[in-house]
Amino acid sequence: MENFNRTLLVCWFGVFTTSMGLSQIAPILPFYIKELGHVDTSEIAFYSGLAFGITPLFMAVFSPLWAFLGAKYGYKNMLLRASFGMSVLTLWLSFAHSALEVVFVRGLTGIISGFTSAAVVFIAVIAPKEKVAYALGTLSTASISGSLLGPLFGGFVAEFFSISTVFDMVAFLIACSFVTIYFFIHERKIQKEAKKNTQKVKENKTLIIVLFITTFVIQFGTFGVMPILSIYVEQIHQGGNLALWAGIVVAASGISNLFFAPKLGKIADKIGPSKIIFGALIFCGIYFYLQAVVSNVYTLIFVRLLIGVGLGGLLPCVNALLKKSVSAKNLSVIFGFNQTCQFLGNFCGAFGGGIMASHFSVEFVFTFVCLIFIINAFIFLAFEKKYIFSNQGL
């Protein structure tokens with residue numbers, strides 16, 4: 001147990017720093033593109049969008065490969081590869097000479113990363129049976145906090161120092177993660193302990209596909225509203241400080257998610273992840289719709305906080321249920337494909353949300369996300385009815 005707790009802590013730090021590395025570029029990328037000689041607004045927007053979007057796209061493509069190699073050559077090796085590669089590539093950004101070079105480096109980052117994927121699979125494999133959802137919920141807080149603090153850190157350091165300093169500092173933090181993984185994770189010893197908890201599993205292929213769809217829907221809904229929240233705040237808030245209020249609205253769901261993911265994980269370990277997934281899908285669906293009918297920014301923040309509570313119980317429980325539905329030999333590859341669904345949901349959500357808002361309205365996007373969450377909940381119910389309405393967990 002001591003080995004597992006230490007490994008969870010080291011993986012948490014690694015996921016935090018790599019998530020920070022991926023997200024810190026968001027507020028500073030347009031300014032960096034401008035520094036590199038592009039003054040035309042349309043050019044800045046084009047290269048910024050390309051550099052930001054290419055990373056998750058390549059992550060979606062390469063996640064199954066890294067998951068497969070992790071199972072074959074060891075998860076520690078994959079964590080070391082990803083942290084070393086991301087540290088070098090983040091440092092490279094500070095020496096870029098053109099916008100195309102930034103796009104190229106961001107593309108390589110998407111190919112080489114896969115740290116979170118490897119960490120999730122590793123923790124799922126080695127976690128004691130009674131702590132799977134809790135461990136995955138705890139790990140998810142690293143990704144959330146890194147993604148929340150990354151843009152804040154990037155903007156702050158760029159404002160008081162320089163943009164290249166941001167890249168240098170994040171590269172150093174990721175390098176620290178590499179060192180801690182190298183010295184403090186002992187994979188063979190941990191896997192010996194994990195084998196004691198291994199059970200034979202009869203795979204449910206249909207349920208696995210439903211869980212893939214659920215992962216996609218969760219991320220589509222989460223990222224589908226991201227590009228339009230600032231526009232919506234401008235519509236409903238008559239006062240000033242629009243950028244500040246928009247930032248609070250966006251961050252609200254992440255903050256509550258951060259606090260509730262481990263708690264919901266503990267509950268899921270007791271009553272089964274199926275109940276949490278079904279309840280959280282319905283809960284989030286209702287509150288996604290309520291965003292469309294709020295009349296002021298304060299109510300919107302409250303609704304976003306509640307959405308974050310529901311989201312905190314979704315991905316960790318989906319991953320926990322995947323572990324319980326997949327045989328040990330296929331676990332890595334299945335988790336890799338689930339990560340692909342996650343990144344595709346991010347990409348399609350951000351892209352699709354913007355298109356729907358431009359052709360219909362912001363409120364339409366909220367309603368659409370509500371519908372797909374509710375529909376997904378009842379599709380999931382059809383396959384997990386016996387566990388959701390029973391007193392036993394899966």
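Even glycines carry a Cβ here, placed using N, Cα and C.
Straight from TrEMBL, the features:
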DOMAIN    7-388  domain 'Major facilitator superfamily (MFS) profile'
TRANSMEM  47-71  transmembrane segment
TRANSMEM  78-97  transmembrane segment
TRANSMEM  103-125  transmembrane segment
TRANSMEM  132-154  transmembrane segment
TRANSMEM  160-185  transmembrane segment
TRANSMEM  206-230  transmembrane segment
TRANSMEM  242-264  transmembrane segment
TRANSMEM  276-294  transmembrane segment
TRANSMEM  300-322  transmembrane segment
TRANSMEM  334-358  transmembrane segment
TRANSMEM  364-383  transmembrane segment
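Here the transmembrane segment (47-71) has Cβ contacts under 8 Å with residues 22, 25-26, 29-30, 33, 38, 77-78, 82, 99-100, 102-103, 106-107, 109-111, 113-114, 117-118, 121-122, 329, 331-333, 335-337, 339-340, 342-344, 346-347, 350 of the same chain, all six or more residues outside its ends. Against the transmembrane segment (206-230), stretch 334-358 has more CB pairs under 8 A than any other of 132-154, 276-294, 300-322, 334-358. Within the same chain, residues 120, 124, 132-133, 136-137, 139-140, 207-208, 211, 214-215, 218, 222, 232-233, 236, 248-250, 252-261, 263-265, 267-269, 273-274, 276-277, 279-281, 283-284, 287-288, 290-291, 294, 331, 334-335, 338, 342, 394 sit at least 6 positions outside the transmembrane segment (300-322) and bring their C-beta atoms closer than 8 Å to a C-beta of that stretch. Through the fold, the transmembrane segment (334-358) approaches residues 53, 56-57, 59-61, 63-68, 114, 116-117, 120-121, 124, 208, 211-213, 215-228, 231, 315, 318-319, 322, 326, 364-365, 368 of its own chain, all at least 6 residues removed from its boundaries and within a Cβ separation under 8 Å. Remote same-chain residues near the transmembrane segment (132-154) are listed as 4, 8, 11-28, 116, 119-120, 123-124, 166, 169-170, 251, 254-255, 257-258, 261-266, 268-269, 273, 276, 312-313, 315-317, 319-320, 323-324 (criterion: CB distance under 8 Å, separation of at least six residues from the stretch ends). When pLDDT values are averaged over the domain 'Major facilitator superfamily (MFS) profile' (7-388), the model yields 85.
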